[in-house]
């Protein structure tokens, strides 16, 4: 069963609806025992990094998510949930993240003249081969964000162009993230969630 971390971030229900539509066994939960027993974990998120980390800390979920990642089972962060996977964010001051992928979250530059937040459909360009990211290769997905992750090339699977390349898919072993919302990205987003479900059933895929 896939567990969606329930910590009042806004888009948990949309992720659940998408998994329900696919017929994927899933559950919303903040219970550490249920989270640790999951075959895969999804960390969604909408809003500010600082408030999201505060909510996770209040529920004592930070060490639980870190422990789940250490099991080697697939973990997927979505939008703000992807940003939380990194070491820190500079949104409204500096805030420590989960530290599961090296890197920082910084503001999208405004000197390109493009509107911030980056909102709407944009294409993903793969930067290295990966079975999960391949689903989204040269495909448009739905973005809503004002900050983006900066990380090492080996952890960047895809970027999207918005005045400059912005990180759109990341991976470190079994820990993955999408800056876009697969649950709001139509058929291609559903295909990505289906691929994540397949990863929870095949240990080799979770290490790809």
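Note: Cβ is positioned from N, Cα and C throughout, glycine not excepted.
According to Swiss-Prot, the feature domain 'Glutamine amidotransferase type-1' maps to 1-206, an assignment based on sequence analysis. Averaged over the domain 'Glutamine amidotransferase type-1' (1-206), the predicted model has a pLDDT of 95.
Packing around residue 79 (active site, nucleophile) is summarised by its Cβ count: 27 other Cβ atoms lie within 10 angstroms of its Cβ, all protein chains included. Taken from Swiss-Prot, the feature active site, nucleophile covers 79.
For residue 181 (active site), other Cβ atoms within 10 Å of its Cβ number 21. Residues annotated as active site in Swiss-Prot, with sequence analysis given as evidence: 181 (among others).
Long-range Cβ proximity for residue 183 (active site), meaning a same-chain Cβ under 8 A and a gap of 6 or more residues, is found for 11, 14, 15, 17, 18, 78, 189, 193. Per Swiss-Prot, active site is recorded for 183 (among others), and the stated evidence type is sequence analysis.
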#### Entry: residue 181 (active site) versus residue 79 (active site, nucleophile) - Cα distance in angstrom
6
